[in-house]
Amino acid sequence: MEPSSGWDGPTFQPLVVLELASNTPEEAVAWLLSRIRDSQQNGGAELLVEQLSPGAAEGGEKDNPNLFVVGASWQRLLCGAEDCGLFKEYSDGSMRGFTCANQHRFKGFTGAGDDFLSMAECQYIIKHQLEALRAKDETHVPGYSQAKLYPGKSIIRRLQSKGILVQMFPLHDKEELKRLSFSWYRTVRLSLQPLDAIRRYFGEGQALYFGFLEYFTIALLPMAVLGVPYYLFDWENYDKYVLFAVFNLVWCTVLLEVWKRYSATLAYCWGTLSRKKAFEEPRPGFHGVLGLNPVTGRKEPVFPSVSRQLRIYLVSLPFVLLCLYLSLIVYAVVIEAVNLLYRYAAEFLTEWENHRRESSYQNHLVLKVLVFNFFNCFASLFYIAFVMQDMLLLRQSLATLLITSQVLNQLMEAFLPYWLQRRRNKKMIRKVLRRRAIEEKELPLAEQVRLEADMSTYLGTFDDYLELFLLFGYVSLFSCIYPLAAVLVVLNNITEVYSDAFKMCKLFKRPFADPAGSIGVWQLAFETISVIAVVTNCALIGMSPQVKAYFPESATQLILWTVAVEHLLLGFKFILAFLIPDVPKHIRVKLAQIEFESLEALKKKKILEASKPDAE
């Protein structure tokens with residue numbers, strides 16, 4: 001498996017990199033490459049793959065020889081786009097699932113090698129085809145008798161779970177990345193983000209996150225503009241925050257409902273709104289005894305649902321409750337450290353619960369982390385507001401939390417990863433400096449691949465959404481007490497755009513595109529906060545001296561009126577959410593038209609099939 005000494009690069013466009021463990025036996029390497037290259041009729045991926053030549057040894061340290069670049073022919077990519085259910089713009093302007101049979105009816109399709117498919121889409125197609133590689137009659141990975149293979153199960157997932165496949169990542173496109181960087185963060189300008197360019201390079205999941213960050217920032221501007229004069233002229237007048245609290249209630253509801261419409265518009269234009277997700281393969285970390293999957297009819301590892309539920313309710317849940325109790329004790333001292341330690345524990349427990357699907361794993365992880373972070377970050381504020389009832393201390397605490405968390409987040413998200421990237425090892429620094437010395441020149445492919453292989457892996461938008469979730473909580477729950485909260489969050493979000501863009505373009509490997517149609521479970525998380533905000537703001541209104549003056553002799557009546565108003569506002573909130581459609585009417589009409597045309601085509605097909613026997 002040694003590459004030829006005269007190797008100057010692959011004869012195809014390299015899109016994805018596979019790195020196997022350096023001690024992988026040659027028979028395992030040869031077997032995997034043959035499965036990748038083999039035709040689809042024989043159960044292969046029918047992709048192009050070549051091995052990189054070993055780099056020059058520096059300081060006695062040899063590069064991993066098992067680095068491979070993967071690409072595909074144009075026709076294979078088109079077939080893969082159809083297999084993935086990729087949606088593209090049709091000749092009538094609607095978004096439809098791509099098919100090779102009707103390829104010339106799609107806008108932008110002119111022939112082989114055009115820009116009809118973005119590089120991110122091509123890389124996603126290759127990832128999908130690699131993960132679709134199934135074991136046939138092999139009982140184990142060649143050279144690894146303990147790495148069992150099951151007929152019909154994903155080979156790539158098995159190699160990942162056994163540590164044979166170290167990493168799989170898409171390559172950056174230097175020129176396209178440079179153009180994106182200049183239009184995104186390298187020049188300071190008062191303009192919206194290039195969401196379409198972000199989506200084209202990083203995929204829909206990333207573009208939706210930055211779209212939500214931008215939308216959230218713009219939506220905060222009215223509250224920030226209103227908060228500045230309120231802060232300047234009524235800072236010590238506690239009676240005046242009632243109107244601000246009422247504004248809060250309407251704002252957080254309208255914000256999320258309008259976002260759903262906006263995200264649906266983006267998802268439709270990007271072809272992910274009505275796109276069906278592929279059948280989820282088991283996670284690489286999933287394990288169990290060999291059994292029969294009732295859905296696919298294939299033999300695969302199965303894990304009893306009862307055992308998983310016992311792990312969740314007898315171990316994970318008590319641990320979460322224990323951490324919530326402990327966080328009350330050490331809240332003011334080590335809040336950030338506790339958050340970090342709990343995050344590691346939550347990931348360990350969720351992994352131990354042994355969820356079969358990645359989506360289920362992510363949902364349970366999000367739930368654990370959100371519950372703890374909400375309690376850990378807001379417990380002291382609720383105590384000060386409703387037990388101590390000290391509004392001045394509440395303002396000071398909220399301001400302190402906002403400022404310190406923003407400073408720490410910027411350090412942890414941008415500056416620390418950048419410093420660690422530079423300090424990782426001398427070899428990496430020399431490569432980075434060499435890259436900068438020839439910034440305008442083309443790096444050799446082998447050097448670019450090895451440089452990117454040493455970069456940190458981007459772990460997704462989880463932490464980014466979590467930060468926005470907490471900021472949304474600070475603003476919607478307590479900003480009526482501290483009107484500058486919205487101003488601080490706007491400033492944070494502006495710097496967040498630049499820091500997130502910088503780390504995406506400079507510090508991390510390029511992530512695979514995620515064809516997301518929404519922000520997923522985070523939408524529910526934000527809506528839950530907005531419901532809690534109704535209760536919180538109503539309670540703050542009821543505690544204001546201005547309202548208490550109407551009930552000088554009966555605290556019970558005050559409580560009853562506060563609860564009644566809170567129920568009315570919750571009812572109004574849900575009615576408002578019902579009246580505002582999640583999907584704009586023109587998009588619903590287009591989707592209905594496509595569905596109608598599909599049904600009509602299916603009827604015609606059945607009529608033709610039924611008429612064939614009669615003709616014979």
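The backbone N, Cα and C atoms fix where each Cβ goes, glycine too.
Taken from TrEMBL, the feature domain 'Anoctamin transmembrane' applies to 198-592.
What TrEMBL lists as transmembrane segment is 207-229 (among others).
Away from its own ends, the transmembrane segment (241-259) comes close to residues 212, 215-216, 219, 222-223, 226-227, 230, 472, 476, 479-481, 483, 523, 526-527, 529-530, 533-534, 537-538, 540-541, 544, 546-547, 569, 573, 576-577, 580, 582 of its chain (Cβ-Cβ under 8 Å, at least six residues beyond either end). Residues or ranges marked as transmembrane segment in TrEMBL: 241-259 (among others).
Sequence annotations record features per position, and here TrEMBL assigns transmembrane segment to 312-345 (among others).
Among the features that TrEMBL reports, transmembrane segment is placed at 365-386 (among others).
Residues annotated as transmembrane segment in TrEMBL: 398-420 (among others).
As annotated by TrEMBL, transmembrane segment applies to 468-491 (among others).
Annotation comment: TrEMBL describes 512-543 (among others) as transmembrane segment.
Positions annotated as transmembrane segment by TrEMBL: 558-580 (among others).
Sequence-distant contacts of the transmembrane segment (468-491), counting only residues of its own chain at least 6 positions beyond either end whose CB sits under 8 Å from a CB of the stretch, comprise 212-213, 216-217, 220-221, 223-224, 226-228, 230-231, 241-242, 244-245, 248, 251-252, 370, 373-374, 377-378, 381, 385, 391, 394-395, 398-399, 401-403, 405-406, 522, 525-526, 529-530, 532-533, 536-537, 540. Using a Cβ-Cβ cut-off under 8 Å and counting only residues 6 or more beyond its ends in the same chain, the transmembrane segment (207-229) has close neighbours at 192-193, 195-196, 198-199, 244, 247-248, 251, 255, 258-259, 262-263, 266-267, 270, 461, 464-465, 468, 472, 475, 479, 483-487, 489-490, 493-494, 496-497, 500-501, 516, 518-519.
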